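Asker: Positions annotated as active site, proton acceptor by Swiss-Prot, on the basis of sequence analysis: E95. Under the heading domain 'Radical SAM core', Swiss-Prot lists 101-339, citing sequence analysis as support. Among the features that Swiss-Prot reports, disulfide bond is placed at C108-C345. Summarising the annotation, Swiss-Prot assigns [4Fe-4S] cluster binding site to C115, C119, C122 and lists sequence analysis as the type of evidence. For G169, E170, S201, S223, L224, H225, N302, the entry in Swiss-Prot reads S-adenosyl-L-methionine binding site, with the evidence type sequence analysis. The active site, S-methylcysteine intermediate annotation in Swiss-Prot covers C345 and is backed by sequence analysis.
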Amino acid sequence: MTAQQKVNLLGLSRPQMEEFFLTMGEKKFRAQQVLKWIHHHQADSFEQMTDVGKALRQKLSEVAEIRGPKVTHESISRDGTRKWVFEMDNGGAVETVFIPDGRRGTLCVSSQVGCAVDCSFCSTGKQGFQRDMTSAEIIGQVWQASRAFGPRRNLGQHPITNVVMMGMGEPLLNYDKVLTAMRIMKDDLGYGIGKKRITVSTSGVIPKMNQLSEDLDVSLAVSLHAPNDELRNQLVPLNRKYPLKDLMAACKRYSKNITHRHNTITMEYVMLRDVNDKPEHARQLVKLLNGIPVKVNLIPFNPFPHAGYERSRKNDILEFHKYLNDNGVMTTVRTTRGDDIDAACGQLVGQVKDRTRRSERWKESIFHRTEQTDDNTAQTQ
């Protein structure tokens, strides 16, 4: 059996790992042993698994592997932010960012090689789209970051306390693989991260938002960026498929469905000078969010070459922030981190092959796939 045919155990959730061992004729408890070695001790070889018999280790080496994405570059910012560039098997690359903040350590994870949602202010979208990432490649970013920080002996003794699916790509357009990876993050045999500390950021793929609230009610962030459809159509093209009225209704449903105590949805709003930062935009935003438990996170735009946008003036950001808070909308201003290593929000680019043609094909497929999802949902109702 070639290396390409081997099962990569890094990307298997607990039920999948148990099924794998059952098909080998082994007991289910072997799954627990191997999961701990992989995710608690960051093992990359079966020979490291000293409580697994030699015969089984040999058998595993013939049919399986533990293989994460390859680290090709690491940068450390003056503020302590760390960025890794990971090479994919096909030659593309993605970027992953770790942001330390006191006792909290947040890992920003990518879900696709590139992105075809093509938000006009985001450098990732400018790079085009190549493919979805596998569950092993997604959880492999957490695994590799954990290896960089050293082995974890017990839960709670690890600098990664939070994970945000806010790296390259639209997570809900790679739903199944992202879901598997998040289940591994949440599992005590994986990384033991509570569901309220795992956040999925979406540009508004409504059918998958509805499904996520039923499958794994993690925290949700919505890339909003505009208070009306006309402007959001320009900034976030997916809005043409899922307009704000439908998106706000989906947010209300999600908030009602999640079971953990913190059911507030984060609304991400990048501040673009003279584009979406005027007083009338603040007034429209308050009206739009009325009745939805939200927190607005204002994000000063992080420039990149040929962006076509500028960061809002500091005073405009402060006035926008004040108006929202004064009118009952909890609002914060995100502190820019890692901009000196191009690790700030909207700056991740990685490396994508055949950018233009792949991106155009994927944009078409987004609308085709979401239409199919809508049709399937209608048939089941």
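Cβ atoms are placed via backbone N, Cα and C, with glycine included.
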Asker: Among the recorded positions E95, E170, which residue has the fewest other Cβ atoms within 10 Å of its own Cβ?
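Answerer: Each of the recorded positions E95, E170 was scored by Cβ atoms within 10 Å; lowest is E95.
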Asker: Under a criterion of Cβ-Cβ distance under 8 Å and sequence separation of at least 6, what residues of the same chain contact H225 (S-adenosyl-L-methionine binding site)?
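Answerer: Long-range Cβ contacts: C119, F121, R232, L235, V236, E268, Y269, V270, N276.
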Asker: Please give me the recorded positions out of E95, C122, N302 that lie within 10 Å of C108 (disulfide bond), comparing Cα atoms only.
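Answerer: Of E95, C122, N302, within range: E95.
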Asker: How many neighbouring Cβ atoms, not counting its own, are there within 10 Å of the Cβ of G169 (S-adenosyl-L-methionine binding site)?
Answerer: 30
Asker: On a C-alpha basis, identify the one among E95, E170, S223, N302 that is nearest to C122 ([4Fe-4S] cluster binding site); the candidates are the recorded positions.
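Answerer: Of all the candidates listed, N302 is nearest in space.
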Asker: From the Cα of the residue listed as 'active site, proton acceptor' across to the Cα of N302 (S-adenosyl-L-methionine binding site), what is the distance in angstrom?
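Answerer: It is 16 Å, counting Cα to Cα.
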Asker: Find the shortest Cα-Cα separation between E95 (active site, proton acceptor) and the binding-site residues G169, E170, S201, and name the residue that gives it.
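Answerer: Nearest by Cα distance to E95 (active site, proton acceptor): G169.
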Asker: I'd like the number of other C-beta atoms within 10 A of the C-beta of C122 ([4Fe-4S] cluster binding site), please.
Answerer: 27
Asker: Using C-alpha atoms, which one of the binding-site residues G169, S201, S223, L224 comes nearest to C115 ([4Fe-4S] cluster binding site)?
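Answerer: When the Cα distances are compared, G169 comes out closest.
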Asker: Using a 10 Å cut-off, grab the number of neighbouring Cβ atoms around the Cβ of S223 (S-adenosyl-L-methionine binding site), all chains included.
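Answerer: Excluding its own Cβ, S223 (S-adenosyl-L-methionine binding site) sees 24 Cβ atoms within 10 Å.
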